[in-house]
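Presented below is the structure to which this report refers.
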């Protein structure tokens, strides 16, 4: 039905007759002619109708926004005075000879001239996706997946599918369960990741695997989370962590070059401990120059208990952030930052303005200055590299509260004061994560997942001092987003059983939930390692949006609902009976009946 896309016409098409299909983006009458902007997935081109072509001109009178049409016309170069440099097709226009109105459109429930609510956009998603910026994002997504497949294929990886209906295993979030009609009372689980299957493929000898795969997690949503999401899943045998990172870094660098024409350069490597101490985050945004600086050793003996208390506590922390030019901040704004860190458990935010670096005590302004000796003040200013016109913010509390609060403050200051270089790219690898973290109930939980191998420890050493264990894990971070994470996997049954035991999974439960894995580990399992990229987050970064719903064709809301199809919905009672499922109503629902 078409010979060209609207958005691809240029001066090379001048004089050619073309057939275009698409939608009326805008219509206007000017000087006896009818002009429309015609749109398809590739962009917009100007089309005009002349009374000399009476049949087409008469039909064009009926055109309204979003009518679906086909036109036949000749491409012409626009006069120099009419060239539109804001349009990709702005040097040309199409003189229409014939017009067919394929389908008319009622007035749209979305207004193209104003910002529509996200609720309206999701309810009428098929209309929202007609917008050029939305189409561009999905086209970029398609370009990314196509590039990834070519790269992986060229590096010897095999695209192998893994099951969608599988067994529930503890991976950190709730599973979506699917009842079995044949095996009444039993349930499949939709996979949170293909983790165990890809490890089993390594045990099967496939060596290099990848898959662009849907994953499912029933968890509370955030702006960058969805109940169903897409991973670029990768696993390798006989490769070290360093070799895996090398290949995956090459993929990221070539992807950025292909999509953005940006060379990311070599990725620096930073340990988890360094990232938390310097940036207050295990996914630091290195575009922001601000850092957390530890000063606990300098304030152990000051009379200010807010500082000296945590400074003398093995689990405490006192850290400062030096903000260049921050001495100009008003007291009102400083108080707002104090309220901000309260969100993260901090009891307050101490501050010190450096008005004149050379003037010592006389050159600073702060409610806490009276508690600091000249020597302590000088030591703090020297360590933080404070200069005249700067401000220091201090956090003092438990290590976790200070790290979380000051890390969040660092990001906010970077945005508010325009210190973060938003037009740049800052990738890195974060490595050497703790193997375990406290679960809040007196036990331990795996920081990544329970199949990650420890670095340089035997099962006996791991069982003896699990809190000292460092995981052989790595995350790829770009501009403060964790875009991919992976690890070397456990490939010996004894080590896997030890990890399960540390996590409180007894022998019976190990056999019940992971018997197939423990059995497979007995039969010559090769060393293996892998990584998974979050495709949705990659597309977010590469398209410049901060909302994951902008890069998914039909996303869910933060309440895990689809406003367009009204999913989830109630099941037919007959279907529930066939599945042997009984829906238990809440007491409040029973009372209302």
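One-based numbering along the chain as shown.
From the backbone N, Cα and C atoms, a Cβ is placed for every residue, glycine too.
The annotation L-aspartate binding site is assigned in Swiss-Prot to 171, 217, 448, 489 on the grounds of sequence analysis. Secondary structure from DSSP puts residue 448 (L-aspartate binding site) in coil. For residue 448 (L-aspartate binding site), applying a Cβ distance below 8 Å and a minimum sequence separation of six or more within one chain yields 433, 471, 473, 485, 487.
Sequence annotations record features per position, and here Swiss-Prot assigns region 'Aspartate' to 195-198 based on sequence analysis. Each residue in the region 'Aspartate' (195-198) has a pLDDT score, and their mean in this model is 96.
Cβ neighbours of residue 482 (ATP binding site) (same chain, under 8 Å, six or more residues apart in sequence): 282, 283, 475, 476, 534, 537. Annotated ATP binding site per Swiss-Prot: 217, 218, 219, 226, 482, 534, 535, 536, 537, in sequence order.
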How many whole Å apart are the CA atoms of residue 219 (ATP binding site) and residue 489 (L-aspartate binding site)? 25
Spatial neighbours of the region 'Aspartate' (195-198) not adjacent in sequence (6+ beyond its ends, CB under 8 Å) are 162-163, 166, 169, 171, 209, 211, 233, 235, 449, 451, 517, 530
Round to the nearest Å and give the CA-to-CA distance linking residue 217 (L-aspartate binding site) with residue 535 (ATP binding site). 15
Here the Cα-Cα span from residue 535 (ATP binding site) to residue 489 (L-aspartate binding site), rounded to a whole number of angstrom, reaches 22
CB contacts under 8 angstroms to residue 489 (L-aspartate binding site), restricted to the same chain and 6+ apart in sequence, sorted by sequence, are 199, 202, 451, 452, 453, 528, 529, 530
